[in-house]
Amino acid sequence: FMHVGLEQLGFNALLQLMIGVPLEMVHGVLRISLLYLAGVLAGSLTVSITDMRAPVVGGSGGVYALCSAHLANVVMNWAGMRCPYKLLRMVLALVCMSSEVGRAVWLRFSPPLPASGPQPSFMAHLAGAVVGVSMGLTILRSYEERLRDQCGWWVVLLAYGTFL
């Protein structure tokens with residue numbers, strides 16, 4: 001249970017509640033749990049490969065998987081959603097994600113304070129976003145699912161397993 005600071009802890013908790021809970025209500029606990037854990041795993045593996053000296057703290061990979069899966073869900077079910085604020089929801093999610101990634105990049109490359117240790121990496125955020133979009137388009141339910149979408153699900157799942 002480590003985070004960079006109260007800002008990251010609060011931001012991650014807020015996004016998990018605002019985005020994760022509605023996604024769970026629509027798509028079920030199992031799918032969203034798998035999505036979140038895949039984002040955390042991909043974020044951790046990406047940091048261990050690309051930025052080996054940076055510590056991995058927090059659940060940003062999972063949070064970004066949830067956020068980008070939410071964006072994929074809105075795009076995938078655009079016509080079937082009855083919410084009049086679809087575009088506003090997407091813009092707000094993108095602004096929140098961009099501001100947190102910008103903060104993480106700033107913390108990583110700014111000179112550390114004398115009392116602080118190495119700054120955490122931002123690569124977990126990016127890996128979580130990639131996992132969220134790719135898995136969100138495949139494992140989340142489409143309101144108008146077609147056979148070609150089911151075939152695409154198996155192809156992306158196989159590719160995802162291969163890359164892990």
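Placement of Cβ uses the backbone N, Cα and C atoms for every residue, glycine included.
Residues or ranges marked as transmembrane segment in Swiss-Prot (evidence: sequence analysis): 10-30 (among others). Here the transmembrane segment (10-30) has Cβ contacts under 8 Å with residues 3, 36, 58-60, 63, 66-67, 69-70, 73, 93, 96, 100, 139-141 of the same chain, all six or more residues outside its ends.
Residues or ranges marked as transmembrane segment by Swiss-Prot: 32-52 (among others).
Long-range contacts of the transmembrane segment (56-76) within the same chain, counting only residues at least 6 positions beyond its ends with a Cβ under 8 Å from a Cβ of the stretch, are 2-4, 8-9, 12, 15-16, 19-20, 23, 26-27, 32, 35-44, 46-48, 86, 89-90, 93-94, 96-97, 100, 104, 120-121, 124-133, 135-137, 140, 142. Residues annotated as transmembrane segment in Swiss-Prot, with sequence analysis given as evidence: 56-76 (among others).
According to Swiss-Prot, the feature active site, nucleophile maps to Ser60, an assignment based on similarity to another entry. Close to Ser60 (active site, nucleophile) in the fold, though at least 6 residues off in sequence, lie Gln8, Asn12, Gly43, Glu100, Ala104, Ala124, His125, Gly128, each with a CB less than 8 Å from its CB.
Residues or ranges marked as transmembrane segment by Swiss-Prot on the basis of sequence analysis: 120-140 (among others).
Around the Cβ of His125 (active site), 26 further Cβ atoms fall within 10 Å across all displayed protein chains. Annotated active site per Swiss-Prot: His125, in sequence order, evidence recorded as similarity to another entry.
Ser60 (active site, nucleophile) carries a helical DSSP state (H, G or I). The list of residues near the transmembrane segment (120-140) in space but at least 6 beyond its ends in sequence, with Cβ under 8 angstroms from a Cβ of it, reads 4, 23, 27, 31, 34-35, 38-40, 42-47, 50-51, 54-58, 60-73, 76, 97, 100-101, 104-105, 107-108, 152-153, 156-157, 160.
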